[in-house]
Amino acid sequence: MQPTPFSSLSSADGCWTGLRLAQGLFIPDVAVPDDALSCVVVQGGTVRWVGPVAAVPPAFAALPRHAGGGALATPGLVDCHTHLVYGGHRANEFAMRLAGASYEEVARAGGGIVSSVKATRAASEDELFAQALPRLQALLDEGVCAIEIKSGYGLALEHERKQLRAARRLGEACGVTVRTTFLGAHALPPEYAGRSQDYIDLVCREMLPALAEEGLVDAVDVFCERIAFSLAETEQVFQAAQALGLPVKLHAEQLSDMDGARLAARYGALSCDHIEHLSAEGIAAMKAAGTVAVLLPGAYYTLRDTHLPPIQALREAGVPMAVSTDHNPGTSPALSLRLMANMACTLFRLTVPEALAGITTHAARALGLQDTHGLIAAGRPADFVLWPFAEAAELAYWFGHQPPQAIVRQGRVVQR
(Lines of atoms letter the chains of each structure in order from A and count residues from 1; the text may use other names and numbers.)
(Lines give C-alpha, C1' and ligand atoms only; values in the text may rest on other atoms or scores of the structure.)
Protein backbone atom coordinates (compact mmCIF):
# COMPACT_ATOMS: atom_id res chain seq x y z
CA MET A 1 0.00 0.00 0.00
CA GLN A 2 1.39 3.39 -1.03
CA PRO A 3 1.67 6.01 1.72
CA THR A 4 -0.70 8.97 1.55
CA PRO A 5 0.71 12.54 1.47
CA PHE A 6 -0.06 14.49 4.65
CA SER A 7 -1.56 17.34 2.62
CA SER A 8 -4.39 15.14 1.38
CA LEU A 9 -5.33 13.69 4.76
CA SER A 10 -8.20 14.65 7.04
CA SER A 11 -8.55 11.72 9.44
CA ALA A 12 -5.32 10.60 11.10
CA ASP A 13 -6.42 6.96 11.11
CA GLY A 14 -3.75 4.60 9.82
CA CYS A 15 -0.18 3.50 10.44
CA TRP A 16 2.23 6.41 10.80
CA THR A 17 5.49 4.72 9.92
CA GLY A 18 9.14 5.72 9.75
CA LEU A 19 9.05 7.90 12.86
CA ARG A 20 11.75 8.57 15.41
CA LEU A 21 10.55 8.73 19.00
CA ALA A 22 12.51 10.14 21.92
CA GLN A 23 12.70 7.20 24.30
CA GLY A 24 12.15 7.81 27.97
CA LEU A 25 10.77 11.26 27.28
CA PHE A 26 7.52 10.84 25.42
CA ILE A 27 6.63 7.17 25.09
CA PRO A 28 6.06 5.15 28.28
CA ASP A 29 6.70 1.42 28.43
CA VAL A 30 7.73 1.05 24.78
CA ALA A 31 11.14 -0.40 23.94
CA VAL A 32 12.44 0.74 20.55
CA PRO A 33 16.10 0.19 19.62
CA ASP A 34 17.99 3.45 19.15
CA ASP A 35 18.58 2.79 15.45
CA ALA A 36 15.02 1.57 14.70
CA LEU A 37 12.17 3.59 13.23
CA SER A 38 8.81 3.50 14.95
CA CYS A 39 5.15 3.37 14.07
CA VAL A 40 2.12 5.01 15.68
CA VAL A 41 -1.19 3.32 14.83
CA VAL A 42 -4.33 5.47 14.97
CA GLN A 43 -7.90 4.16 14.76
CA GLY A 44 -11.03 6.14 15.48
CA GLY A 45 -8.96 9.15 16.47
CA THR A 46 -7.20 7.19 19.22
CA VAL A 47 -3.66 5.83 19.39
CA ARG A 48 -3.96 2.02 19.35
CA TRP A 49 -0.34 0.91 19.24
CA VAL A 50 3.18 2.33 19.40
CA GLY A 51 6.38 0.43 18.67
CA PRO A 52 9.01 -0.57 16.10
CA VAL A 53 7.93 -0.56 12.47
CA ALA A 54 9.03 -4.17 12.14
CA ALA A 55 6.70 -5.25 14.95
CA VAL A 56 3.38 -3.73 13.86
CA PRO A 57 0.68 -6.33 14.71
CA PRO A 58 -0.99 -8.05 11.73
CA ALA A 59 -4.37 -6.73 12.87
CA PHE A 60 -3.36 -3.30 11.59
CA ALA A 61 -1.96 -4.46 8.23
CA ALA A 62 -4.96 -3.24 6.21
CA LEU A 63 -4.86 0.31 7.55
CA PRO A 64 -3.60 3.12 5.31
CA ARG A 65 0.07 3.98 5.70
CA HIS A 66 1.47 7.45 6.23
CA ALA A 67 5.23 7.61 5.70
CA GLY A 68 7.00 9.73 8.29
CA GLY A 69 10.28 9.74 6.42
CA GLY A 70 12.34 9.69 9.60
CA ALA A 71 10.55 12.69 11.14
CA LEU A 72 10.81 13.27 14.87
CA ALA A 73 7.45 12.59 16.54
CA THR A 74 6.45 14.28 19.78
CA PRO A 75 3.21 14.58 21.69
CA GLY A 76 1.15 17.64 20.92
CA LEU A 77 2.57 20.55 22.89
CA VAL A 78 0.67 21.85 25.92
CA ASP A 79 0.64 25.55 26.88
CA CYS A 80 -0.51 25.40 30.50
CA HIS A 81 -0.63 29.10 31.49
CA THR A 82 -2.01 31.81 29.21
CA HIS A 83 -4.10 34.98 29.39
CA LEU A 84 -4.96 34.76 25.69
CA VAL A 85 -8.33 36.56 25.70
CA TYR A 86 -8.13 40.31 26.31
CA GLY A 87 -8.78 43.65 24.68
CA GLY A 88 -6.12 45.97 23.29
CA HIS A 89 -2.41 45.75 24.05
CA ARG A 90 0.13 47.40 26.35
CA ALA A 91 3.05 48.26 24.09
CA ASN A 92 3.38 51.63 25.85
CA GLU A 93 4.45 49.83 29.03
CA PHE A 94 7.38 48.34 27.17
CA ALA A 95 8.85 51.83 26.87
CA MET A 96 8.15 52.50 30.56
CA ARG A 97 10.06 49.40 31.60
CA LEU A 98 12.94 50.29 29.29
CA ALA A 99 13.09 53.63 31.10
CA GLY A 100 13.49 51.79 34.38
CA ALA A 101 9.95 51.42 35.75
CA SER A 102 9.36 48.25 37.78
CA TYR A 103 6.34 45.95 37.48
CA GLU A 104 4.89 47.50 40.63
CA GLU A 105 5.58 51.06 39.47
CA VAL A 106 3.81 50.44 36.16
CA ALA A 107 0.81 49.03 38.02
CA ARG A 108 0.64 51.94 40.45
CA ALA A 109 0.77 54.39 37.53
CA GLY A 110 -2.49 52.99 36.19
CA GLY A 111 -0.92 50.54 33.79
CA GLY A 112 -0.54 46.82 34.18
CA ILE A 113 -3.55 44.59 34.61
CA VAL A 114 -6.00 47.45 35.18
CA SER A 115 -5.11 48.92 31.78
CA SER A 116 -6.13 45.65 30.12
CA VAL A 117 -9.28 45.57 32.24
CA LYS A 118 -10.46 48.84 30.70
CA ALA A 119 -9.84 47.59 27.16
CA THR A 120 -11.44 44.21 27.84
CA ARG A 121 -14.54 45.73 29.38
CA ALA A 122 -14.92 47.97 26.33
CA ALA A 123 -14.83 45.01 23.93
CA SER A 124 -17.70 42.69 23.08
CA GLU A 125 -17.43 38.93 23.31
CA ASP A 126 -17.22 38.72 19.53
CA GLU A 127 -14.44 41.30 19.48
CA LEU A 128 -12.50 39.42 22.16
CA PHE A 129 -12.90 36.21 20.18
CA ALA A 130 -11.70 37.88 16.97
CA GLN A 131 -8.68 39.45 18.66
CA ALA A 132 -7.66 36.20 20.37
CA LEU A 133 -8.10 33.96 17.32
CA PRO A 134 -4.82 34.87 15.54
CA ARG A 135 -2.94 34.59 18.83
CA LEU A 136 -4.27 31.10 19.34
CA GLN A 137 -3.60 30.18 15.72
CA ALA A 138 0.06 31.17 16.08
CA LEU A 139 0.44 28.74 18.98
CA LEU A 140 -1.47 25.97 17.20
CA ASP A 141 0.68 26.34 14.09
CA GLU A 142 3.68 25.52 16.27
CA GLY A 143 2.16 22.26 17.47
CA VAL A 144 0.17 23.20 20.56
CA CYS A 145 -2.69 20.72 21.01
CA ALA A 146 -3.96 21.74 24.46
CA ILE A 147 -3.99 25.14 26.11
CA GLU A 148 -5.18 26.90 29.23
CA ILE A 149 -6.93 30.27 28.87
CA LYS A 150 -7.58 32.39 31.95
CA SER A 151 -10.06 35.16 32.56
CA GLY A 152 -9.00 37.99 34.87
CA TYR A 153 -9.25 41.08 32.67
CA GLY A 154 -12.97 41.60 33.26
CA LEU A 155 -13.10 41.72 37.07
CA ALA A 156 -16.90 41.91 36.96
CA LEU A 157 -19.32 39.08 36.30
CA GLU A 158 -20.47 40.10 32.83
CA HIS A 159 -16.94 40.79 31.63
CA GLU A 160 -15.38 37.66 33.14
CA ARG A 161 -18.22 35.70 31.53
CA LYS A 162 -17.49 37.05 28.05
CA GLN A 163 -13.79 36.20 28.42
CA LEU A 164 -14.55 32.62 29.40
CA ARG A 165 -17.22 32.26 26.72
CA ALA A 166 -14.76 33.52 24.12
CA ALA A 167 -12.23 30.96 25.36
CA ARG A 168 -14.73 28.12 25.02
CA ARG A 169 -15.62 29.31 21.51
CA LEU A 170 -11.95 29.36 20.53
CA GLY A 171 -11.59 25.71 21.47
CA GLU A 172 -14.66 24.75 19.49
CA ALA A 173 -13.71 26.82 16.44
CA CYS A 174 -10.14 25.54 16.27
CA GLY A 175 -10.66 21.95 17.37
CA VAL A 176 -8.24 22.22 20.27
CA THR A 177 -8.49 21.25 23.93
CA VAL A 178 -9.01 24.46 25.94
CA ARG A 179 -9.04 24.44 29.74
CA THR A 180 -10.62 27.58 31.16
CA THR A 181 -9.44 29.10 34.43
CA PHE A 182 -11.38 31.70 36.40
CA LEU A 183 -8.94 34.38 37.57
CA GLY A 184 -11.39 36.88 38.99
CA ALA A 185 -8.90 37.55 41.79
CA HIS A 186 -6.28 38.89 39.39
CA ALA A 187 -6.30 42.53 40.47
CA LEU A 188 -8.52 44.90 42.41
CA PRO A 189 -10.83 46.71 39.97
CA PRO A 190 -10.79 50.52 40.21
CA GLU A 191 -14.34 50.70 41.53
CA TYR A 192 -13.27 48.61 44.54
CA ALA A 193 -10.22 50.67 45.46
CA GLY A 194 -9.61 50.34 49.20
CA ARG A 195 -12.28 47.62 49.48
CA SER A 196 -10.47 44.41 48.67
CA GLN A 197 -12.56 42.31 51.06
CA ASP A 198 -15.77 43.48 49.42
CA TYR A 199 -14.37 42.45 46.05
CA ILE A 200 -13.25 39.03 47.30
CA ASP A 201 -16.75 38.53 48.70
CA LEU A 202 -18.13 39.30 45.24
CA VAL A 203 -15.72 36.84 43.62
CA CYS A 204 -16.57 34.05 46.07
CA ARG A 205 -20.30 34.55 46.52
CA GLU A 206 -21.48 35.74 43.12
CA MET A 207 -18.98 35.56 40.27
CA LEU A 208 -17.50 32.10 40.78
CA PRO A 209 -20.77 30.28 41.58
CA ALA A 210 -22.53 31.83 38.59
CA LEU A 211 -19.75 31.05 36.12
CA ALA A 212 -19.30 27.53 37.47
CA GLU A 213 -23.02 26.87 37.11
CA GLU A 214 -22.77 27.93 33.47
CA GLY A 215 -20.02 25.36 32.90
CA LEU A 216 -17.41 27.98 32.07
CA VAL A 217 -14.83 27.13 34.74
CA ASP A 218 -12.38 24.21 34.76
CA ALA A 219 -10.10 25.60 37.49
CA VAL A 220 -9.67 28.65 39.75
CA ASP A 221 -6.57 30.84 40.06
CA VAL A 222 -5.53 33.79 42.24
CA PHE A 223 -2.70 36.33 42.00
CA CYS A 224 -1.27 36.22 45.53
CA GLU A 225 1.15 39.13 45.85
CA ARG A 226 1.65 42.45 47.62
CA ILE A 227 0.15 44.36 44.69
CA ALA A 228 -2.74 41.90 44.35
CA PHE A 229 -4.34 39.69 47.02
CA SER A 230 -3.23 38.59 50.47
CA LEU A 231 -2.79 35.05 51.70
CA ALA A 232 -6.04 35.26 53.66
CA GLU A 233 -7.96 36.57 50.65
CA THR A 234 -6.44 33.85 48.48
CA GLU A 235 -7.61 31.19 50.90
CA GLN A 236 -11.16 32.52 50.77
CA VAL A 237 -11.18 32.03 47.00
CA PHE A 238 -9.70 28.54 47.38
CA GLN A 239 -12.41 27.63 49.88
CA ALA A 240 -15.10 28.82 47.47
CA ALA A 241 -13.55 26.77 44.66
CA GLN A 242 -13.27 23.71 46.89
CA ALA A 243 -16.95 23.99 47.83
CA LEU A 244 -17.81 23.84 44.13
CA GLY A 245 -15.49 20.90 43.47
CA LEU A 246 -13.11 22.93 41.31
CA PRO A 247 -9.31 22.50 41.35
CA VAL A 248 -7.11 25.47 42.16
CA LYS A 249 -3.80 26.91 41.00
CA LEU A 250 -1.84 29.99 42.01
CA HIS A 251 0.26 32.85 40.71
CA ALA A 252 2.77 32.34 43.51
CA GLU A 253 5.96 33.98 44.79
CA GLN A 254 6.61 35.96 41.61
CA LEU A 255 7.76 39.21 43.23
CA SER A 256 8.15 38.11 46.85
CA ASP A 257 7.68 35.09 49.09
CA MET A 258 4.07 35.33 50.25
CA ASP A 259 4.03 31.68 51.38
CA GLY A 260 1.38 31.13 48.73
CA ALA A 261 2.84 27.84 47.54
CA ARG A 262 2.34 26.20 50.91
CA LEU A 263 -1.26 27.42 50.99
CA ALA A 264 -1.89 26.18 47.46
CA ALA A 265 -0.39 22.80 48.31
CA ARG A 266 -2.77 22.46 51.27
CA TYR A 267 -5.61 22.71 48.78
CA GLY A 268 -4.03 20.18 46.41
CA ALA A 269 -3.30 22.80 43.77
CA LEU A 270 -2.66 21.64 40.22
CA SER A 271 0.19 24.12 39.92
CA CYS A 272 2.04 27.07 41.38
CA ASP A 273 3.21 29.44 38.65
CA HIS A 274 6.09 31.96 38.38
CA ILE A 275 7.69 30.92 41.74
CA GLU A 276 10.87 33.00 41.42
CA HIS A 277 10.85 33.55 45.21
CA LEU A 278 9.71 30.05 46.18
CA SER A 279 11.02 28.89 49.57
CA ALA A 280 12.34 25.50 50.64
CA GLU A 281 9.18 25.03 52.68
CA GLY A 282 7.07 25.79 49.64
CA ILE A 283 9.00 23.26 47.58
CA ALA A 284 8.48 20.56 50.19
CA ALA A 285 4.76 21.29 50.35
CA MET A 286 4.42 21.17 46.56
CA LYS A 287 6.25 17.85 46.41
CA ALA A 288 3.98 16.35 49.05
CA ALA A 289 0.86 17.59 47.26
CA GLY A 290 1.95 16.62 43.74
CA THR A 291 1.71 20.26 42.65
CA VAL A 292 3.48 21.19 39.41
CA ALA A 293 5.92 24.11 39.32
CA VAL A 294 5.11 26.17 36.21
CA LEU A 295 8.06 28.23 34.97
CA LEU A 296 7.33 31.36 32.96
CA PRO A 297 10.60 32.55 31.40
CA GLY A 298 8.84 34.99 29.07
CA ALA A 299 7.70 37.15 31.98
CA TYR A 300 11.10 36.80 33.66
CA TYR A 301 12.76 38.01 30.46
CA THR A 302 10.33 40.86 29.76
CA LEU A 303 10.59 42.18 33.31
CA ARG A 304 14.38 41.81 33.20
CA ASP A 305 14.17 39.91 36.45
CA THR A 306 17.36 38.70 38.09
CA HIS A 307 15.95 36.47 40.83
CA LEU A 308 15.98 32.96 39.37
CA PRO A 309 13.47 30.29 40.37
CA PRO A 310 15.06 27.64 42.62
CA ILE A 311 15.53 25.14 39.79
CA GLN A 312 18.12 22.93 41.47
CA ALA A 313 16.06 22.66 44.65
CA LEU A 314 12.96 21.75 42.64
CA ARG A 315 14.99 19.20 40.70
CA GLU A 316 16.42 17.61 43.84
CA ALA A 317 12.99 17.47 45.46
CA GLY A 318 11.47 15.79 42.42
CA VAL A 319 8.85 18.48 41.82
CA PRO A 320 7.67 18.28 38.18
CA MET A 321 8.48 21.46 36.25
CA ALA A 322 6.32 22.73 33.40
CA VAL A 323 7.13 25.59 31.02
CA SER A 324 4.56 27.94 29.50
CA THR A 325 4.27 31.13 27.48
CA ASP A 326 2.24 33.05 30.09
CA HIS A 327 0.94 34.89 27.04
CA ASN A 328 -0.45 38.21 28.22
CA PRO A 329 -0.44 41.77 26.87
CA GLY A 330 1.85 43.25 29.49
CA THR A 331 4.65 41.02 30.74
CA SER A 332 4.85 38.17 28.24
CA PRO A 333 3.44 38.91 24.76
CA ALA A 334 4.94 35.59 23.64
CA LEU A 335 3.40 33.35 20.99
CA SER A 336 6.00 30.58 20.80
CA LEU A 337 6.05 27.77 23.33
CA ARG A 338 9.26 26.40 21.81
CA LEU A 339 10.96 29.74 22.39
CA MET A 340 9.93 29.44 26.03
CA ALA A 341 11.57 26.00 26.13
CA ASN A 342 14.76 27.58 24.79
CA MET A 343 14.56 30.35 27.39
CA ALA A 344 13.95 27.83 30.17
CA CYS A 345 17.20 26.14 29.18
CA THR A 346 19.18 29.32 28.59
CA LEU A 347 17.91 31.48 31.46
CA PHE A 348 16.86 28.89 34.04
CA ARG A 349 19.38 26.16 33.17
CA LEU A 350 16.86 23.41 32.60
CA THR A 351 18.21 20.40 30.76
CA VAL A 352 16.75 19.75 27.32
CA PRO A 353 14.74 16.71 28.54
CA GLU A 354 13.38 18.80 31.42
CA ALA A 355 12.32 21.60 29.08
CA LEU A 356 10.66 19.22 26.63
CA ALA A 357 8.83 17.37 29.40
CA GLY A 358 7.88 20.84 30.59
CA ILE A 359 5.94 21.61 27.41
CA THR A 360 4.38 18.14 27.15
CA THR A 361 4.06 15.70 30.05
CA HIS A 362 4.35 18.07 33.00
CA ALA A 363 2.34 20.81 31.31
CA ALA A 364 -0.50 18.34 30.83
CA ARG A 365 -0.34 17.46 34.53
CA ALA A 366 -0.55 21.16 35.42
CA LEU A 367 -3.94 21.22 33.67
CA GLY A 368 -5.20 17.92 35.07
CA LEU A 369 -4.84 16.39 31.59
CA GLN A 370 -2.17 13.83 32.46
CA ASP A 371 -4.40 10.91 31.43
CA THR A 372 -5.10 12.24 27.93
CA HIS A 373 -2.33 14.60 26.84
CA GLY A 374 1.43 15.02 26.98
CA LEU A 375 2.39 11.50 25.88
CA ILE A 376 2.04 9.38 22.76
CA ALA A 377 0.64 6.14 24.12
CA ALA A 378 -1.95 3.49 23.31
CA GLY A 379 -5.41 4.43 24.49
CA ARG A 380 -4.84 8.18 24.36
CA PRO A 381 -6.31 10.65 21.87
CA ALA A 382 -4.20 11.06 18.73
CA ASP A 383 -2.45 14.38 19.42
CA PHE A 384 1.08 14.39 18.04
CA VAL A 385 3.43 16.46 15.91
CA LEU A 386 6.04 15.54 13.29
CA TRP A 387 9.17 17.69 13.11
CA PRO A 388 11.97 18.04 10.52
CA PHE A 389 14.61 17.48 13.19
CA ALA A 390 17.26 14.82 13.67
CA GLU A 391 17.01 14.80 17.46
CA ALA A 392 14.70 15.99 20.20
CA ALA A 393 17.17 18.60 21.45
CA GLU A 394 16.51 20.63 18.30
CA LEU A 395 13.04 21.47 19.60
CA ALA A 396 14.65 23.67 22.25
CA TYR A 397 17.82 24.52 20.31
CA TRP A 398 16.29 26.29 17.31
CA PHE A 399 14.18 29.38 17.70
CA GLY A 400 12.47 31.45 15.04
CA HIS A 401 10.24 30.06 12.32
CA GLN A 402 10.64 26.26 12.32
CA PRO A 403 7.17 24.88 11.50
CA PRO A 404 6.25 21.23 12.01
CA GLN A 405 5.94 18.86 9.07
CA ALA A 406 2.54 17.68 10.24
CA ILE A 407 0.19 18.18 13.18
CA VAL A 408 -2.37 15.62 14.33
CA ARG A 409 -4.87 17.11 16.76
CA GLN A 410 -7.90 15.35 18.20
CA GLY A 411 -7.45 12.54 15.69
CA ARG A 412 -7.40 14.73 12.61
CA VAL A 413 -4.56 15.99 10.43
CA VAL A 414 -4.44 19.76 10.63
CA GLN A 415 -4.26 21.41 7.22
CA ARG A 416 -2.35 24.70 7.44
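The backbone N, Cα and C atoms fix where each Cβ goes, and this holds for glycine too.
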From H251, H277, H401, the one annotated by Swiss-Prot with H81, H83, D326 for Fe(3+): H251
One of Y153, Y192 listed by Swiss-Prot as binding N-formimidoyl-L-glutamate at the site of N328, G330: Y153
Among T331, T346, T351 - the residue Swiss-Prot places in the same 4-imidazolone-5-propanoate site as R90, Y153, H186, Q254: T331
Beyond the site residues Y153, N328, G330: chain residues whose C-beta lies within 8 Å of the centroid, for N-formimidoyl-L-glutamate: H83, Y86, R90, G112, I113, S116, G152, P329, T331
Cα separation, R90 (4-imidazolone-5-propanoate binding site) to H83 (Zn(2+) binding site) (Å, whole number): 13
Distance [Cα-Cα, Å, rounded] between Q254 (4-imidazolone-5-propanoate binding site) and N328 (N-formimidoyl-L-glutamate binding site): 15
Integer Cα-Cα distance in angstrom, D326 (Zn(2+) binding site) to Y153 (4-imidazolone-5-propanoate binding site): 14
Integer Å distance between the CA atoms belonging to R90 (4-imidazolone-5-propanoate binding site) and G330 (N-formimidoyl-L-glutamate binding site): 5
